[in-house]
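Below is one structure, written out as structure tokens; the observations come after it.
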């Protein structure tokens with residue numbers, strides 16, 4: 001396995017995995033990806049198999065605003081992680097997360113946070129396996145006023 005930061009030349013691989021993680025955001029992907037590549041406080045990683053197949057992706061950022069369940073700022077935040085089903089439970093996610101931890105420390109981060117949908121038990125189990133612990137559950141509301 002080989003892990004590398006995303007670059008322009010790897011956009012197609014990143015896009016393919018990103019669409020598997022967030023299938024409902026098809027049209028917005030490319031614009032957001034271009035924006036993310038320009039930000040110094042975001043990190044995008046791809047993992048490749050020994051046969052050079054893109055098998056996992058991770059997106060992380062440094063957040064300075066309040067992050068639920070944390071006590072400090074800035075905080076490293078796991079924005080998204082996806083490992084192809086055939087490669088899960090093989091340590092790939094652990095290696096990706098370890099790279100984020102090393103990347104975030106020079107920013108002054110001592111906490112690493114993430115979130116998951118309330119009903120996404122697979123994500124909850126993955127987070128726990130990666131060393132995260134649940135801090136709180138939140139339901140967001142909105143109201144149209146216009």
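Glycine too: its Cβ is placed from the backbone N, Cα and C atoms.
Between the candidates 101, 136, Swiss-Prot assigns the substrate site shared with 22, 25, 66, 79, 115 to 136. All protein chains shown were included, and the count of other CB atoms within 10 Å of the CB of residue 120 (acetyl-CoA binding site) stands at 12. Helix, strand and coil content of the domain 'N-acetyltransferase' (1-146), in residues and according to DSSP, is 58 helix, 33 strand, 55 coil. Summarising the environment of residue 136 (substrate binding site), the number of other Cβ atoms within 10 Å of its Cβ, over all protein chains shown, is 7. Listed in chain order, the extra residues whose Cβ falls within 8 Å of the Cβ center of the acetyl-CoA site residues 81, 82, 83, 120 are 21, 80, 93, 123, 126. Across the residues the record lists as binding acetyl-CoA (81, 82, 83, 120), the two Cα atoms farthest apart are 15 Å from each other.
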